[in-house]
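> I am attaching a structure below and will ask some questions about it afterwards.
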Amino acid sequence: MYLVTAAEMGQLDRLASSEYLVPSIVLMENAGLRVVESIRRHFQDRVKNRRVLIFCGKGNNGGDGLVVARHLLNQGAEVKVFLLARPEDLRGDARTNLEIYQKMGGRIFPLLGESHLQRADIALLYADLVVDAIFGTGFKGAAMGLPAAVITMINKAHRDTVAVDLPSGLEADTGRAFGPCIQATWTVTFALPKLGLVVEPGASYAGRLEVADIGIPQKLIDSQRFNLHLLTAAWCRSRLPKREASGHKGLYGHVLAVGGAPGLTGAIALAATAALRAGAGLVTAAVPRGVHGILAMKTTEVMTCPLPETPAGYLSREALEPILERLAACDVLALGPGLSRDPATVELVKELLPRLKAPAVVDADALNALATDTGLLTGNHGPLVLTPHPGEMARLAGTTAARVQEDRLEIARKYAREWQVVLLLKGARTIIAWPDGQAYINPTGNPGMATAGSGDVLTGIIAGLMAQGLEPGVAAAVGAFLHGAAGDEAQARLGQHALLAGDLLNFLPAVFRNLEVEAGVTASLGRD
Ligand SMILES: NC(=O)C1=CN([C@@H]2O[C@H](COP(=O)(O)OP(=O)(O)OC[C@H]3O[C@@H](n4cnc5c(N)ncnc54)[C@H](O)[C@@H]3O)[C@@H](O)[C@H]2O)[C@H](O)CC1
Ligand SMILES: [K+]
C-alpha cells in the first residue's frame, strides 16, 4: 500500500479534477460519506439521537466535517458543529457544504475566542462522539492559540473521537506534533495513508487507522509511481517462498551464520535457529573454537563449525579463509550476532566484506566494525542487508542516535542509496530502504520486543528467507513484518514485560500460518 506526503495527496486531488474530471466537491462528499459510514459501524448502525460534536476548521478538512454533519443530521443524530472560523472565512467546497448544512437547519456554534470555549466544554460532557475536522493535510508546524486550546480541551474530555483524514495538530509528512494534537480513537484517512499516520508518534495519535476510498481513479494513483510503501500482510504473503511438495532441504538454501564470542553464544544460537524457523533448509553456525562446544550443546537442528580464535577466544583474522571456504558451499551469510568488538575480530570483518560474493545480512558488532571504515561500503561489495538499530546507524553515519531518530526515513534512504545496500533501520515502525529508492515501513511489532536477542532473531529470519531465494530487499521487508508479527502474537499471550527473544521463535510458525490463511494485520486497512 502506497504511503504519501501531503503534497503528493494534494497533487492527486488536483489531477483527479483536472485530468479525470472528478469535481473536488465529489471527492469531499465521498470523504464525508466514508466517515459517516465508519461512524455508523462504530455505533452498530444506531445513529439516531446520538450526540455528535463536529469541530470544523476553515479549510477543506472542515469541509469534510460539514459533509459529515449534514448526513448525520439527516440520519437523526443530534449534531452540533463548532466552527473555528467565521462563516465568511470559508471558501469553495467547504463554504458550499456549510451553506447546505445551514439551509437544512443545522446548528453552527462559533468557536473563535476564549468566551466560546466553555459552551464547547459543556457540550463535550454529554457527547457520544467527537469528530475532529479542524486540520488535515494542510496543517504545518504547531497548533497554537485557540486551536491549541480546543485540541487540549477535546483530549481532556476523553470522549470517543474520530479524526478526519489526520488527527489535528499532526504533521502529515513526519508524524510529529510540535504542539497539542488530537488523541483519536480512530482515524479515517482518504485515498492513501499519509506517512505521518504510520510512524511514531503519529501512529499513536491516529489510533486505529482506516483508509477510505473516495473515488480517486486507481489508474491515476498507479501513474504517480510513489516509492514509499506501508508493508501489508497481503504484500508479504504474495512474496513468501513457496514450498514444493517434492521439496528437500537442499532446495531451501543453506545459511552460514558467523558470530559468537566468550559469553556471547546466545545471539548466534538465536540467529541460526531463526533462519531455520524462517524455512532455510540448512544452517551452519561458525563460532570461535573455544565456544563451539557450548553452541553445539545449545542447538540441535543447527550444524556448528569451530573457527580460529585469538588467545582471548574471539574470532581472529585466521578465520578469514575457513569462512570463505564454508561460504562457497552456502547461499547466504549472516554476520554479526554475538561477534564482539575485539580488535582482531574488527580486522577480520573489514577483510571479509570486500571478498563476499554471496548475499549477506550484516548486523550488530559487524556493523560496528564497518563503522570504523565505511569506505568498505562505498566500494564494490556483494548484495548486503544492513540491519542497524539507531545507535549502530549513528556510528555508521557519524552522527547521533537522536539525529537518526529525527529523520529516520531520509537517513535510511540516503545511506541505502549511497552504499547501494538494503538498509533496515530498526525501531518503532522499522524502515526498509532499498538501493533503488523504494522504501517500506513495517507496521507490526511492539515495545515488548526491545529485549536482548530480538535483533538476532530478525537477522536469522532475513537470512533464512534469502536462502530460499528472496531478493535481499524483499527478504528484509518480509522478515521485518514476520518478526514484528511474531512479537505481536507473543505480546498477545505473554504481555510485553515478560517477552523474550526466544518467544519470537516459538510464535513464528503461527505467524506463517496466519499469513497464509488470512489478510492478517492489514485487514482493516482495506485494499493492499
Ligand atoms: N484527496 C483528498 O485527500 C481529499 C482531501 N480533502 C480534505 O482536504 C484536507 C486538506 O484541506 P486544506 O484546506 O488543504 O487544509 P486543511 O483543511 O488541513 O486546513 C488547514 C488550514 O489551517 C491552516 N493552518 C495550517 N497550519 C496551521 C497551524 N499550525 N495553525 C493554525 N492554522 C493552520 C491552513 O492555512 C489551512 O487553511 C484534507 O486533509 C482532507 O480532509 C478533501 O476534502 C477531499 C479530498
Ligand atoms: K482532522
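Cβ from N, Cα, C; glycine included.
According to TrEMBL, the protein has these features:
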type: DOMAIN; residues: 9-222; note: domain 'YjeF N-terminal'
type: BINDING; residues: 60-64, 136-142, Asp165, Ala267, Gly338, His389, Asp456; note: (6S)-NADPHX binding site
type: BINDING; residues: Asn61, Asp132, Ser168; note: K(+) binding site
type: DOMAIN; residues: 232-515; note: domain 'YjeF C-terminal'
type: BINDING; residues: Lys426, Gly427, Ala428, Arg429, Thr430, Gly455; note: AMP binding site
> Checking the binding-site residues Asn61, Asp132, Ser168, Thr430: which ones have Cβ within under 6 Å of ligand 2?
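From Asn61, Asp132, Ser168, Thr430, counting a Cβ under 6 Å from ligand 2 as near, the near ones are Asn61, Asp132, Ser168.
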> Measure from the Cα of Arg429 (AMP binding site) to the Cα of every one of the binding-site residues Asn61, Asp132, Thr137, Lys140, His389, then give the nearest.
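When the Cα distances are compared, His389 comes out closest.
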> Within 8 Å of the Cβ centroid of the K(+) site residues Asn61, Asp132, Ser168, which other residues of the same chain have their Cβ?
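Going along the sequence, the neighbours come out as Phe55, Gly57, Gly62, Gly65, Ala133, Ile134, Phe135, Gly136, Phe139, Ala163, Val164, Asp165, Leu166, Pro167, Ile182.
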> Using a 10 Å cut-off, grab the number of neighbouring Cβ atoms around the Cβ of Gly63 ((6S)-NADPHX binding site), all chains included.
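The answer is 30 other Cβ atoms.
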> With AMP as the bound species and Lys426, Gly427, Ala428, Arg429, Thr430, Gly455 as its recorded binding residues, calculate the greatest Cα-Cα distance and give it in Å as a whole number.
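The span, Cα to Cα at its widest, is 14 Å.
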> With the AMP site defined by Lys426, Gly427, Ala428, Arg429, Thr430, Gly455, which remaining residues of that chain have Cβ atoms positioned within 8 Å of the Cβ centroid?
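Apart from Lys426, Gly427, Ala428, Arg429, Thr430, Gly455, the close residues are His389, Leu425, Ile431, Asn442, Gly445.
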> Just checking: which of the binding-site residues Asn60, Ser168, Gly427, Arg429 have a C-beta under 6 Å from ligand 1?
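Only Asn60 qualify.
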> I need the nearest neighbour of Ser168 (K(+) binding site) among the binding-site residues Asn60, His389, Lys426, Ala428, Gly455, using C-alpha distances.
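Comparing Cα positions, the closest of these binding-site residues turns out to be Asn60.
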> Check each residue in the chain of Ala428 (AMP binding site) that is at least six apart in sequence and keep those whose C-beta is under 8 Å from its C-beta; list them in sequence order.
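Expected: Val199, Glu200, Ala203, Gly445, Pro447.
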> Look up Gly63 ((6S)-NADPHX binding site) in the DSSP assignment and report helix, strand or coil.
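Its secondary structure by DSSP: helix.
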> Can you check which residues sit near Lys140 ((6S)-NADPHX binding site), meaning Cβ under 8 Å from its Cβ, same chain, 6 or more apart in sequence, and list them in order?
Glu171
